[in-house]
């Protein structure tokens with residue numbers, strides 16, 4: 001059965017959208033967004049020489065917000081620009097070229113070009129197409145899912161992955177120190193150098209009814225952390241104190257989300273952020289999150305040094321693959 005892509009639906013939807021994409025009233029952005037207020041998500045300068053101050057800022061943001069933006073992060077602007085350029089070019093290819101990278105029906109792998117990601121309880125659809133593939137470590141990479149066109153796609157993605165390590169190491173060191181652990185312990189609890197970097201490109205076409213649809217519904221990320229760059233079209237929203245707010249992206253920053261695995265390992269001190277994506281009537285929005293994840297067979301649970309009689313474990317330990325299966329299929333953890 002041929003899957004209908006949102007990009008194709010958008011080409012024929014000029015005033016209305018199919019019923020499947022109209023969210024329930026408690027999800028519709030026009031009804032649920034706090035208007036006129038933009039969340040001033042913490043902005044942290046990773047190059048600041050006083051590490052203790054950087055650690056405090058990351059701890060505060062991770063405990064109270066679950067998200068923050070980092071500047072002076074060490075990834076060259078040109079590297080990010082080239083990543084975006086080839087990702088955008090892939091989605092502008094003819095449909096049959098993109099379909100060559102489609103996920104096989106019934107595949108257990110998340111990698112590939114697709115539209116549906118998880119089971120939607122209400123049966124509603126998200127206004128987004130996507131491409132997933134792993135960019136690190138080399139042993140996990142399956143180039144079958146890396147587009148061969150544009151020709152510089154592989155080179156530009158490998159360059160971005162190379163620069164990502166410094167940011168990941170810095171963030172995990174700060175998160176670890178902020179818990180009173182040694183600088184390397186949080187990273188080691190997530191698999192150390194065997195952590196997987198899973199890139200996703202979210203492609204949100206223009207939508208005639210952005211007041212009714214969502215690009216991605218409300219969720220927290222399954223990953224340890226997520227490091228994201230968008231194009232210049234705003235659309236990220238975060239839930240703070242049970243209200244939905246627009247999050248304004250700062251040019252050249254990286255947006256960092258605390259994911260479920262960091263919340264688990266920190267035994268709840270750090271909070272994974274509940275967020276969603278809006279769509280735009282005039283412009284296509286694109287984002288490039290990298291989900292930094294434990295290896296699939298690694299068991300993840302609260303760090304032993306953070307658990308005692310006064311502070312019992314708040315989460316069960318389980319293999320990361322099992323955690324993901326339950327979350328994507330909406331089955332109890």
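Just so you know, glycine gets a Cβ as well, placed from its N, Cα and C.
Because the structure is a prediction, the values reported are computed rather than measured.
As recorded in TrEMBL, the features of this protein are as follows:
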{"type": "DOMAIN", "residues": "193-294", "note": "domain 'Fe2OG dioxygenase'"}
Per-residue pLDDT averaged over the domain 'Fe2OG dioxygenase' (193-294), given as an integer: 96
DSSP residue counts for the domain 'Fe2OG dioxygenase' (193-294), split into helix, strand and coil: 8 helix, 46 strand, 48 coil
